[in-house]
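Since the structure comes first, as structure tokens, the remarks are kept for the end.
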Amino acid sequence: MTVTALLPPPPPRYSLAGFKTQTGFLLLVLRMSKYKLFLLRHGEGAWNKENRFCSWVDQKLSEDGVKEAQDCGRLLKEQGYKFDLVFTSILSRSIQTAWLVLEAMGQEWVPVVKSWRLNERHYGSLIGLNRAEMALQHGEEKVKLWRRSYDVTPPLIDESHPYFLEIYNDRRYTTCDVPKENLPRAESLKEVLDRLLPYWGSTVVPEIRKGRTVLISAHGNSCRALLKYLEGISDKDIASVTLPTGIPVLLELDENLKPVKPRQLLGDQAKIQAAIKKVEDQGKARPST
């Protein structure tokens, strides 16, 4: 729905987009918030705590990660949100986070749908390595390029890698909609978006258009990839988008599923900024203890 007018500032559920016409007048377009979408990076996992590339290795939440998920659920309940459907990856930390959030909200009955297409980015041969130690060895800029860039793919994993068989012999990957041999061996963020978008369009979007409030409980990079697509973030600027663990992100979307206002990270803003800095510091050079 769009309305052109000269109006006072809109109420919170509206946003104004300004466009300059050929005659020099400012045309204001009133855009209404029609849908709410929540994105959530799972709570802290054991390897998050150890500052290692976890990727497709299946890890449960740490004690702190369990608390993060429970706190997230309590916050969402306090703010009055109700979910109709939850989507997760097929990695345990994503699923466990969704369960804990729903339990804390008293909404355990809400359906949870799982897909490998929401999995974390596949970090290839970097899986299991410590980010800070790698920064000492290869330099912080190289590690930042591997972690944060849009179209740089890390070195591929092969059968000599200590976690190769643990990943590719896992029975969960027989449930995918592609043959196991066609699953990625490493991914850039662009490749994450390429495998995520078909699922978004075919499975998630129809549920949102039905008016259902959806939570996507996934991973840092699958959520960042979706944010890039929805918000039109440039290839360069996506490198500076950081999502801390256990912090819900609210997107208010118009009828075309375009954001009508900037994303909102819900919760104590000082704690959120501290958590963002903690994530950004993970790739800085310092010896492990």
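Yeah, the Cβs are placed from backbone N, Cα and C, and that goes for glycine too.
TrEMBL entries are annotated by machine, without manual review.
Per TrEMBL, the features are:
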- 41-48, Arg93, 120-123, 147-148, 220-221: substrate binding site (BINDING)
- His42: active site, tele-phosphohistidine intermediate (ACT_SITE)
- Glu120: active site, proton donor/acceptor (ACT_SITE)
- His219: site 'Transition state stabilizer' (SITE)
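Distribution of TrEMBL features across the structure.
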residue: Arg41; record: substrate binding site; Cβ neighbours (10 Å): 29
residue: His42; record: active site, tele-phosphohistidine intermediate; Cβ neighbours (10 Å): 32
residue: Glu44; record: substrate binding site; Cβ neighbours (10 Å): 25
residue: Trp47; record: substrate binding site; Cβ neighbours (10 Å): 18
residue: Glu120; record: substrate binding site; Cβ neighbours (10 Å): 25
residue: Tyr123; record: substrate binding site; Cβ neighbours (10 Å): 24
residue: His219; record: site 'Transition state stabilizer'; Cβ neighbours (10 Å): 28
residue: Gly220; record: substrate binding site; Cβ neighbours (10 Å): 20
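Distance from the CA of His42 (active site, tele-phosphohistidine intermediate) to the CA of Gly220 (substrate binding site) is 8 Å. When the alpha carbons of Glu44 (substrate binding site) and His219 (site 'Transition state stabilizer') are compared, the span between them is 10 angstrom. For the pair the residue listed as 'active site, tele-phosphohistidine intermediate' and His219 (site 'Transition state stabilizer'), the Cα-Cα distance reads 6 Å.
Taking the C-alpha positions, the distance from Arg41 (substrate binding site) to His219 (site 'Transition state stabilizer') comes to 5 Å.
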